[in-house]
Amino acid sequence: MTAPWVALALLWGSLCAGSGRGEAETRECIYYNANWELERTNQSGLERCEGEQDKRLHCYASWRNSSGTIELVKKGCWLDDFNCYDRQECVATEENPQVYFCCCEGNFCNERFTHLPEAGGPEVTYEPPPTAPTLLTVLAYSLLPIGGLSLIVLLAFWMYRHRKPPYGHVDIHEDPGPPPPSPLVGLKPLQLLEIKARGRFGCVWKAQLMNDFVAVKIFPLQDKQSWQSEREIFSTPGMKHENLLQFIAAEKRGSNLEVELWLITAFHDKGSLTDYLKGNIITWNELCHVAETMSRGLSYLHEDVPWCRGEGHKPSIAHRDFKSKNVLLKSDLTAVLADFGLAVRFEPGKPPGDTHGQVGTRRYMAPEVLEGAINFQRDAFLRIDMYAMGLVLWELVSRCKAADGPVDEYMLPFEEEIGQHPSLEELQEVVVHKKMRPTIKDHWLKHPGLAQLCVTIEECWDHDAEARLSAGCVEERVSLIRRSVNGTTSDCLVSLVTSVTNVDLPPKESSI
């Protein structure tokens, strides 16, 4: 019975040690959240700091200074950060940031915060007006010692009861559910600004994280499976690629029945390829750049990489909802693949997970998907993606001004044939039975580059899945076509189509 009391004495000593050493230990911080209504949290109060063992804890504050008016953004606990070590006062030193940020060590050290630029200049100090202690604060400080003693007694009792493990002990593993907020993101000031899109599983917000804009995809709790699936795909080794959307964090926000699941990624101001083509006509070089980077992203997604940059094995992944709405554009029109909620990984020796056949967006479904006649093998799913890529390439060509002819208003694939909201039966009739595809205009074929690209498009959406090109082959072809056309004089444009199509184009099966 001596062991519990020794542990009790050690625990009590550790609780009392902080005041004796005179070090700035951080156990509690002032809490504030200007965005509390949207994030469904408390607006202000106290926050108890919790972190990993052997990690230091700090307090922080963030605010804006608009023409001398202080606008508080957030206050709270901050995890181990060497920039905060041994700082007893909360002082921001950046010259003129959009959001000021400071951190410090010591209980409630973020109550008062200051801006003091490193280069010198006037010191701007914000000190909240003195307020009388609330009843809640008085109760908290009164009950804290009693709660601490109760905890020690309970711990001693628990150690006594568990000094020997009982026979027949069985570990029970429960679904842990969504993770807590990512420590480094959950505590940084993140403000939702405006809704940019609404989709099948929720909405996408433009948000501000410190001085950067990010995208926040918010799922309701009933769509937890989609959020979890996309988070797992993003967490796969090797998913950092210039043509795949950059993942930042996955978080659980709110509590009880108001829980929301957040997926935080890089933000791209130009939006989706669909939105861009609706408002813009593109040049030949822009078409080639989007097509090449888009096919490069899909090729990398499809690729099985045994050892990817020291991260481990990157399996082959099928997107299963490839469409122009899920292709985002960077400022230089580099394509970035997004929305991996329906994606499937193909790992050696493991089942691929949920491979239900008819998923994705109806308009972009391959003939075999519309028929329900899918071979549930890796290559079959990759070829389904390639059919959809053919349709997206057609969308690009339809808005390109390179050909000598009119550029029509933007239309989705098959919109001209069966309208904006086709039924499954209408698509089966048009795509499967009549084997129709979106119209390739005659004047497109008079431009040598577009003519070759149309050949590539037709080989992507071939009715025979095994005859379709791979994404890697499309990337090679677009690169070759661009170099050929841009390096050719007008005198030999006529002969270029035949010579390149018959001789120089890479073979169909380059990676599938």
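Cβ atoms are placed via backbone N, Cα and C, with glycine included.
Cross-referencing 271-292, 315-336, 359-380, 491-512 with Swiss-Prot places the feature region 'Interaction with DYNLT1' at 491-512.
Swiss-Prot lists a disulfide bond between Cys104 and one candidate from Cys102, Cys109; that candidate is Cys109. The disulfide entry in Swiss-Prot for Cys90 points, among Cys102, Cys103, to Cys102. Note on the topological domain 'Extracellular' (19-137): its mean pLDDT in the predicted model is 78.
Between the C-alpha atoms of Gly202 (ATP binding site) and Asp321 (active site, proton acceptor), the distance comes to 16 Å. Using a 10 Å Cβ-Cβ cutoff, Asp321 (active site, proton acceptor) registers 20 neighbours.
For the binding-site residues Lys196, Arg198, Arg200, the greatest number of Cβ atoms within 10 Å around a candidate Cβ is found at Lys196. Taking every pair among Lys196, Ala197, Arg198, Gly199, Arg200, Phe201, Gly202, Cys203, Val204, Lys217, the residues listed as contacting ATP, the largest Cα to Cα separation comes to 14 Å. Here the CA atom of Asp321 (active site, proton acceptor) lies 20 Å from the CA atom of Lys196 (ATP binding site). In sequence order, Ile195, Lys196, Ala197, Arg198, Ala215, Val216, Lys217, Ile218 are the residues of the chain that are 6 or more apart from Val204 (ATP binding site) and have a CB within less than 8 Å of its CB.
In this structure, Asp321 (active site, proton acceptor) belongs to neither helix nor strand by DSSP; it is coil.
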